[in-house]
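Student: Handing you a structure now.
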Ligand SMILES: CC(=O)CC(=O)SCCNC(=O)CCNC(=O)[C@H](O)C(C)(C)COP(=O)(O)OP(=O)(O)OC[C@H]1O[C@@H](n2cnc3c(N)ncnc32)[C@H](O)[C@@H]1OP(=O)(O)O
Ligand SMILES: NC(=O)C1=CN([C@@H]2O[C@H](COP(=O)(O)OP(=O)(O)OC[C@H]3O[C@@H](n4cnc5c(N)ncnc54)[C@H](OP(=O)(O)O)[C@@H]3O)[C@@H](O)[C@H]2O)C=CC1
C-alpha cells in the first residue's frame, strides 16, 4: 500500500517530531491536538528545529518553507482523519485515552487507513481491540528526539497483518529510520530495558546514595551514556516514565518493576521534567 497522507495526533514533543520528519521525508502531514494552541506550539517547535538546520547550512530556506507547507494544522479530529492513509497517534500514555481515540478514528478514517500508535509501553493488541480493523493497527515507536534517533520499534499486535507490518517497515525506512520488529509485551524491548535502569537511578537518589548530578556523572563518564539517566528521565517526561513503570508493574505482576516513590511524588507535584520546567533539574521555560 502506498502512503501519501500522514496524520499525527498529539502535537507534544513526540508528535511534533514525527510530523517534522514525515514532512521532511515528503509526506503530506496533518497535525492535530486537543487544543489549537498546542498545535501552534508544536508547529513553532518544528520551525525552530528547521531554522537551526538552516543556520547550520544543512538545508536551505526554500527546503524549510517546503517542509512547513507540507504540515497542515487540523483543528478537528474529523479533519485530521478523513483522508489519512496512516495515522500515528502520540497522545498521553494512557490506555483509556488511547482506546477512546482509536475507536473514534476507526469511525472517521478511510477503510484502507493504518492506525499506528507511538505508545512507549501499552499493549497494541488491546488498543487494536477498540477498533473494527485490528489487523490494520500496529505500534510505530519512535525515539526521542525523533529527528535525531535512528530507531523505530515496530510492534505487531496479535492481529496485525503481514501486509500492514511491511508497509510500516517501509514507511520507517522512507523516513530515514531503521525499523526493528518486536512482539507485543509490556514495554516492548526499549522500555523494558531502559526504564528499570532509570527507575533504579531514581532509587539511588531516593535512598541518599548520591545526588542526581553524581548519578548522571557516573553513567556518563563510566558507561559512556550520552545523557545521565536522570537528565534522560527529565527529557522523556517524568509522567511518561511513571506511566511506563506502571504498565510494566501491572503487565508482569513482578515487584522488580515497582515505580520509585520519589518518581510518584515528583509527578504529583507537577515536576514533569524539561517540559514543565522542573524535574530532577530546573530548566528555563
Ligand atoms: C521513552 C521512550 O518510549 C523511548 C525513548 O525515546 S527513550 C529516549 C531515547 N533517547 C535517548 O536516549 C537520547 C540520549 N541523548 C542523546 O542521544 C544526545 O544527548 C542528544 C542526541 C539528545 C543530544 O546530543 P548532544 O551531542 O548532547 O547535543 P547536541 O550537539 O546539541 O546535539 C546533537 C545533534 O542533535 C540535534 N538535536 C539535539 N536535540 C534535539 C531535539 N530535541 N530535536 C531535534 N534535534 C535535536 C542537534 O541539533 C544536533 O544536530 P547536528 O548534529 O545536526 O548539529
Ligand atoms: N517522551 C518520550 O521520550 C517518548 C514518548 N513516547 C510516547 O509518545 C506519546 C506522547 O508522548 P510525549 O510527546 O512525550 O507527550 P507530551 O506530553 O509532550 O504530548 C502529548 C500531547 O498529546 C495531547 N493529548 C492528550 N490527550 C489527547 C487527545 N485525546 N487527543 C489529542 N491530543 C491529546 C496532550 O495535550 P495536553 O498537554 O493538553 O494533555 C499533549 O499535547 C506517549 O504515548 C509516550 O509514551 C514514545 C517515545 C518516546
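Positions of Cβ are set from backbone N, Cα and C atoms, glycine also.
Unlike curated records, TrEMBL annotations are generated automatically.
So TrEMBL lists these for the protein:
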BINDING   10, 11, 12, 13, 14, 15, 33, 93, 98, 120, 144, 275  NAD(+) binding site
DOMAIN    7-184  domain '3-hydroxyacyl-CoA dehydrogenase NAD binding'
DOMAIN    187-283  domain '3-hydroxyacyl-CoA dehydrogenase C-terminal'
SITE      141  site 'Important for catalytic activity'
Student: To the nearest whole angstrom, what is the C-alpha distance linking residue 33 (NAD(+) binding site) and residue 141 (site 'Important for catalytic activity')?
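Tutor: Approximately 19 Å lies between the Cα of residue 33 (NAD(+) binding site) and that of residue 141 (site 'Important for catalytic activity').
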Student: Can you list which of the binding-site residues 12, 33, 98 have their Cβ under 6 Å from some atom of ligand 2?
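Tutor: Near the molecule: 12, 33.
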Student: What kind of secondary structure is residue 98 (NAD(+) binding site) part of, going by DSSP in three states?
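Tutor: DSSP assigns residue 98 (NAD(+) binding site) to helix.
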Student: Any idea of the Cα spread of the NAD(+) site, 10, 11, 12, 13, 14, 15, 33, 93, 98, 120, 144, 275, as a max distance in Å?
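Tutor: Max span of the NAD(+) binding residues, Cα based, is 21 Å.
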Student: Report, in whole Å, the straight Cα-to-Cα distance of residue 141 (site 'Important for catalytic activity') from residue 12 (NAD(+) binding site).
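Tutor: Computed Cα spacing between residue 12 (NAD(+) binding site) and residue 141 (site 'Important for catalytic activity') is 15 Å.
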Student: Averaged over the domain '3-hydroxyacyl-CoA dehydrogenase NAD binding' (7-184), what pLDDT does the predicted model reach?
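Tutor: Reported value for the domain '3-hydroxyacyl-CoA dehydrogenase NAD binding' (7-184) is a mean pLDDT of 98.
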Student: Taking only the binding-site residues 10, 12, 14, 144, which have a CB closer than 6 angstroms to any atom that belongs to ligand 1?
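Tutor: What lies within reach of ligand 1, judged by Cβ under 6 Å, is 144.
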Student: In sequence order, which residues at least six apart in the same chain have a CB under 8 Å from the CB of residue 141 (site 'Important for catalytic activity')?
Tutor: 118, 119, 120, 152, 153, 154, 155, 188, 190
Student: Could you check the binding-site residues 10, 12 and say which one's CB has the fewest neighbouring CB atoms inside 10 Å?
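Tutor: Taking 10, 12 as the binding-site residues, the minimal 10 Å Cβ count falls on 12.
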Student: Could you list the residues of the same chain, at least six apart in sequence, whose Cβ is under 8 A from the Cβ of residue 144 (NAD(+) binding site)?
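Tutor: Long-range Cβ contacts: 13, 14, 17, 235, 236.
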Student: Using DSSP, break the domain '3-hydroxyacyl-CoA dehydrogenase C-terminal' (187-283) down into helix, strand and coil residues and give each count.
Tutor: 66 helix, 3 strand, 28 coil
Student: Output, ordered by sequence, the same-chain residues six or more apart from residue 98 (NAD(+) binding site) with a CB under 8 Å from its CB, or 'none'.
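Tutor: The list for residue 98 (NAD(+) binding site) reads 89, 91, 117, 119, 122, 127, given in order along the sequence.
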Student: Which of the three DSSP-derived classes (helix, strand, coil) applies to residue 14 (NAD(+) binding site)?
Tutor: helix
